[in-house]
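*Asks:* From TrEMBL, here are the annotated features:
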type	residues	note
BINDING	100, 101, 102, 127, 143, 147, 296, 300, 301	L-histidine binding site
DOMAIN	31-363	domain 'Aminoacyl-transfer RNA synthetases class-II family profile'
């Protein structure tokens, strides 16, 4: 047997291995996806609403490299640091793909010695996460960030960030939502009075952050079993983290015999009260909830933290209600820029990140369910011909329209049938057809057809651009 096996192995070696012959699978990498024209049309619509909101609030736009030095990113994300994508050494620098847009922003401020800016940044970020594609969780995804950096009076910029979240979520009409608000100082004070050792603050914080996904019992057993917290301390935390409300709860906690004695918590509660007063002036407190279970896992937050959550909705036309969780989050991070500054100079910052991928997945599902036809181009007019041998005339006219800034198309055939040209407009949603024919050329006019009503009007060639503009502005 041994001889035969040896013979077979020798034959196999002569034949060569199967390497390089395996079937190549055409797919996108795990946690990524392609977006076709339809998806991109939905995305562009959402981006437009978000950018116009950022601009309405006076933000400038910046961009930063897609990868940073590895040391720029390490130690900024707490337990999530393990999700950073490291790149192979390519010529002497250890690099990592950016994990979010906040740390690169802080690096940008420190590097350029900027102490005052209001900026937005929309770009892709990368996380070596376990993807849940249906819920809009990817390994490559867009973030839309708005941040205010600078030394200002307390809670004014923070209130504006919450107003921005409220405006965007209302504008995108995603359904009912609530913006949960808390403060890292209130959390730290609460941990202190509950008997959590300083060294365990951050790790207990990331346990509390799971409360929106798992019940208190599971979080408690993680704190006690895995993280070594005493059962008494865990139970005390349990009493606090199940509280949520508004100004009334802030007043109640300011009177709390233990919390009111803690300097950090008292400071946080004082600012929270001020924040709610500003939010009342903005008229948005109906959607805001002061929630003591909100912890947000990132290490760099120092003050107010917030998260917008879509509330469960039962749509008759959907098999199951959409549950996508958090769609925006942010907070104050006053120490991050100082971590990059040689002299440790701090630049106070507060910002918000819109969870655009989750928003996209809702908009896509909603569109699928409604079967609404979505246009993937912005073409205003199709240049068509009624008879043969008019290609030159079509080319001449379409060139005039393009030069005048009109979005125009034509079919790439010498002699297309008029019916085919009209059908193309129906299929793609082009609202107008500019028809050139022999008679029209003699008369110096163009026949303009309104696709929806099939009405046709003769327009003088020199007035055509203006006529198209007027008619498409009404569409």
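Cβ coordinates come from backbone N, Cα and C, glycine included.
Where the annotation comes from TrEMBL, it is an automatic prediction and has not been curated.
Looking at the shown structure, what environment does each listed feature sit in?
*Replies:* Using a 10 Å radius centred on the Cβ of residue 301 (L-histidine binding site) and all shown protein chains, the other Cβ atoms total 25.
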*Asks:* May I ask which residues of the same chain, at least 6 positions away in sequence, place their Cβ under 8 angstroms from the Cβ of residue 296 (L-histidine binding site)?
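*Replies:* Listed in sequence order, they are 209, 305, 307, 329, 331.
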*Asks:* Near residue 100 (L-histidine binding site), how many other Cβ atoms are within 10 Å of its Cβ?
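*Replies:* Result for residue 100 (L-histidine binding site): 19 neighbouring Cβ atoms inside 10 Å.
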*Asks:* Tell me which of the binding-site residues 102, 143 sits in the most Cβ-dense spot, judged by other Cβ atoms within 10 Å.
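*Replies:* Checking each of 102, 143, the winner is 102.
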